[in-house]
Amino acid sequence: MQSLNSQQAAKRVPPEKVDATYRRYRVQALMSVFLGYMAYYIVRNNFTLSTPYLKEQLDLSATQIGLLSSCMLIAYGISKGVMSSLADKANPKIFMACGLVMCALVNVGLGFSSAFWLFVALVVCNGLFQGMGVGPSFITIANWFPRCERGRVGAFWNISHNVGGGIVAPIIGVAFAMLGSEHWQSASYMVPAAIAVLFAGVVLLLGKRSPKKEGLPALDEMMPEEKVVLKSHSQQAPENMSAFQIFCTYVLKNKNAWYVSMVDVFVYMVRFGMISWLPIYLLTEKNFSKEQMSIAFLFFEWAAIPSTLLAGWLTDKLFHGRRMPLAIICMCMIFVCLIGYWQSNSLAVVTVFAAIVGCLIYVPQFLASVQTMEIVPSFAVGSAVGLRGFMSYIFGAS
């Protein structure tokens, strides 16, 4: 853990260069966690696209493939809780980059594996290392962006989920076209692994620690209006406290952290219910063709991008930094749309309702993430994110 810390402060930036340096660094910091988290999705969702070949080439049953997916999901949920807490005491960019490299190594192992139980061990390892991505992302956003901007910034970061998940299929498709289906393991695992290592380098190059560690004034010194927001969280960072002590003191006893986590549990129930069952439900119950089902699923995923960006702007400007009112409005609208999605047999209507649910479901998810940054001191953000991630994946997604 000490090797991931590396918290020695950089040389102080001259006063005349502070503003320009601050603007440049925070853009670089945001891009590093956006691209880094996008890369995490590339070496996570590639496994789903490889499952037809696991069934065909390695003769794995549907039950075995389902077990593999469940193992990864549970491992990721547990890791998201633990790793995000550890990230509070680490250098965010090193922590995030190390996780990406480890995910890449696991994917290389998958490319050389044929035994079922070895696959189980490797997908569990992949789930564990996947948990190293989200904590550094929120810690970085909390360090560099004031509350009045976090809705928009959090929305921009959140679409890395959709971008990363959306580009996996084209990447693997190109890899198959170049390598051929006989090299399906290289196309499914090796190519995404190489891309992950490349983006780990980008994270190390662009990533930033806190402003003070980069030789700049703290956020509340750069933006005086932030002092009022931070007043209730003005405790000095407890350098001598362990990550576990920070979690117990500032998160476990914080009722607001539990409220936000419970909101996310219900959001994830709907989100993963749609992701997991929408294809089968449309094919078997609504008699959609595979092409029609693919279109509906595409609308569900990609419709979230504009709605997330709009919601971020609304909570910053219209709701003045209050995140939960819009989240509650969206959850009520989701309930109505699910009834329409369930009752209609029209291709157009079902597709529209699926798209609207996709628009809405990611809004409370990302708003809960932003709210998490604002209910604990900055040095406990990773721990709070970890609690929310653990609750949402273990109790919501599963």
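Placement of Cβ uses the backbone N, Cα and C atoms for every residue, glycine included.
As recorded in TrEMBL:
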type	residues	note
DOMAIN	25-398	domain 'Major facilitator superfamily (MFS) profile'
TRANSMEM	25-43	transmembrane segment
TRANSMEM	63-82	transmembrane segment
TRANSMEM	94-112	transmembrane segment
TRANSMEM	118-142	transmembrane segment
TRANSMEM	163-181	transmembrane segment
TRANSMEM	187-206	transmembrane segment
TRANSMEM	265-283	transmembrane segment
TRANSMEM	295-314	transmembrane segment
TRANSMEM	326-342	transmembrane segment
TRANSMEM	348-368	transmembrane segment
TRANSMEM	375-395	transmembrane segment
Open item on the list: Check the transmembrane segment (25-43) against the transmembrane segment (187-206) for contact, please; criterion is three or more CB pairs under 8 Å, pairs 6 or more apart in sequence.
Closed with: yes
Open item on the list: Check for me, if you would, whether the transmembrane segment (94-112) reaches the transmembrane segment (63-82) - at least 3 Cβ pairs under 8 Å, residues 6 or more apart in sequence.
Closed with: no
Open item on the list: For the transmembrane segment (265-283), I need the partner stretch with the highest count of C-beta pairs below 8 angstroms, choosing only from 63-82, 295-314, 348-368, 375-395.
Closed with: 348-368
Open item on the list: Please tell me whether the transmembrane segment (63-82) and the transmembrane segment (375-395) touch - that is, whether there are at least 3 C-beta pairs under 8 Å between them, with each pair 6 or more apart in sequence.
Closed with: yes
Task: Long-range Cβ neighbours of the transmembrane segment (375-395) (under 8 Å; 6 or more residues past either end) - done: 73-74, 76-78, 80-88, 131, 134-136, 138-139, 142-143, 210, 230, 233, 235, 237-238, 243, 246-247, 250-252, 254, 256-258, 260-262, 264-265, 267-268, 368-369
Open item on the list: Need a quick answer: max count of Cβ pairs under 8 Å to the transmembrane segment (326-342), which of 118-142, 187-206, 295-314, 348-368 is it?
Closed with: 348-368
Task: Residue numbers, six or more beyond the limits of the transmembrane segment (118-142), whose CB comes under 8 Å of its CB atoms - done: 29-30, 32-33, 36-37, 40, 43-44, 47, 54, 60, 67-69, 71-76, 78-88, 90, 92-93, 95-96, 98-100, 102-103, 106-107, 109-110, 150, 153-154, 157, 207-208, 369, 372-373, 378, 381-382, 385-386, 389
